[in-house]
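Written out below as structure tokens is the structure these notes cover.
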Amino acid sequence: YTGIGVYLEDKAVPSLAAKWKGKTSEELVHTLHFYRDIISGPFEKLIRGSKILPLAGAEYSKKVMENCVAHMKSVGTYGDAEAAAIEKFAEAFKNVNFAPGPLFLYRQSPDGILGLSFSEDVTIPEKEAAVIENKAVSAAVLETMIGEHAVSPDLKRILASRLLRIEHGIIV
């Protein structure tokens, strides 16, 4: 129901290549620590999503929040601050209804800031709809997409394959 793309700041390639150089994309796909290095890496990440079928923002955010809370509880990073940040996340999606096509974007900074944006077309909005300052919640959003219990195994495969190609100088 959702198309997802993950974009990494250009300095991600040398940062990741230092540790993962020489691995095949198949090895990377099955290496959780590779994805955890992406999630916690000292570079910006942009997650671009687009709905394929109509969906209420509240329904979408409920599932994302459930996955994030479950992950944070499993790794011991869920507390009062995270509960408050999750509520702010829910609030940002409350009045959003996704038609097929328009974008939602997550901007993740290395210092734990999660910016949320919504676009009625394919442009990136200049102003974010919400900013959540909580490193555990920010990391959990991407963790649920490419981590241990990923909602998108294809995204993991594509990410590993493209990073490997870029490392070898192949433009994708």
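Glycine too: its Cβ is placed from the backbone N, Cα and C atoms.
The substrate binding site annotation in Swiss-Prot covers THR2, ASN67, THR144 and is backed by similarity to another entry. Look at THR2 (substrate binding site): DSSP puts it in a strand. The number of other CB atoms found within 10 A of the CB of THR2 (substrate binding site), across every protein chain shown, is 15.
Taken from Swiss-Prot, the feature site 'Important for catalytic activity' applies to TYR60. Taking the Cβ of TYR60 (site 'Important for catalytic activity') as centre and 10 Å as the limit, one finds 19 other Cβ atoms among all the protein chains shown.
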Residue pair TYR60 (site 'Important for catalytic activity'), THR144 (substrate binding site) - Cα distance, angstrom, rounded: 13
Distant-in-sequence Cβ neighbours of THR144 (substrate binding site), under 8 Å, six or more positions away: VAL64, ASN67, CYS68, HIS71, ALA150, VAL151
Shell list (substrate; ref centroid = CB of THR2, ASN67, THR144; cutoff 8 A): LYS63, VAL64, CYS68, VAL141, MET145, VAL151, SER152
